[in-house]
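> Could you have a look at this structure, given as structure tokens, before my questions?
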Amino acid sequence: MRAAAERAASTITHRILLPLFLLATTLCKSDPDLLLDYCVADTSAAAASLHFNGLPCIDPASARAEHFATTALSRSTNPSPAALFGFNATVTSPATSLPGANAQGLAMARVDLAPGGVAPPHTHPRASEVAVVLDGSVLVGFADTSYRLYTQLLRAGEAFVFPKGMVHFMHNADVAAPAVVLSGFDSQNPGAQLVPLSAFRTEPSVPEEVLEKAFKIHGQDVHRIQRNLGG
């Protein structure tokens, strides 16, 4: 009798948990496939509408060729070597620069690196990235979860892949000339989290004792790094 009751309870549990699990995995998938040819972003409704994984669509009959084109990546930002890290990134967005990319699961970015500039170690939590050097020579690399480092010096026309979520960097190896990188992402909202800022520029601050223990430094080092990062 007890065994039968346990089997019945187990069956009920599986019937409840399995649909919940499937629902959770479906909801957690980023950038789902469209059931339409395209979904040009309705930017006028973006601020007022509740939406997931994309913006509301305009009437497909109102779509125009210019919705699928952008000049956002054609302009150099020429970061100053005196800037925090010596780089600027311009990322396409369906809301501001590329409405035709809405719900297509992609974004592009132009990264301008000053001479000797660096895009410091960072991650894109929602996207893999492929980076193509357009101009200059750029040292790129990423570390995997076993802390193995993969690095490559790229020149114009050469490309490199950063796997999703891996900490990676770009460094202009030329201290006399700028460099330009064009990146593609498999999410329209890849996100970016810079490791130095995540550790030393949060609001409120990470507890000082945590930073001291994590980086094997002293309190004065924490304060110096925070000041150097503009904190």
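Just so you know, glycine gets a Cβ as well, placed from its N, Cα and C.
So TrEMBL lists these for the protein:
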SIGNAL    1-28  signal peptide
DISULFID  CYS39-CYS57  disulfide bond
DOMAIN    71-223  domain 'Cupin type-1'
BINDING   HIS122, HIS124, GLU129, HIS168  Mn(2+) binding site
BINDING   HIS124, GLU129  oxalate binding site
> Which chain-mates of CYS57 (disulfide bond) that are at least 6 residues away have a CB under 8 A from its CB, listed by sequence?
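Same-chain residues close to CYS57 (disulfide bond) (Cβ under 8 Å, separated by 6 or more) are LEU36, CYS39, VAL40, ALA41, ASP42, ASN102, ALA103.
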> Within 10 Å of the Cβ of GLU129 (Mn(2+) binding site), how many other Cβ atoms can be counted across all chains shown?
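A 10 Å sphere around the Cβ of GLU129 (Mn(2+) binding site) contains 22 other Cβ atoms.
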> For the recorded Mn(2+) site formed by HIS122, HIS124, GLU129, HIS168, which further same-chain residues have Cβ atoms within 8 Å of the site's Cβ center?
THR123, ALA127, PHE142, PHE162, MET166, VAL167, PRO190, ALA192
> Enter the number of other CB atoms within 10 angstroms of the CB of HIS124 (Mn(2+) binding site).
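There are 24 such Cβ atoms around HIS124 (Mn(2+) binding site).
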> Let's check the environment of CYS39 (disulfide bond): how many other CB atoms sit within 10 Å of its CB?
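CYS39 (disulfide bond) is surrounded by 22 other Cβ atoms within 10 Å.
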> Say we define neighbours as other CB atoms within 10 Å of the CB. Which of the binding-site residues HIS122, HIS168 has the fewest?
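Least crowded of the binding-site residues HIS122, HIS168, by Cβ count within 10 Å, is HIS122.
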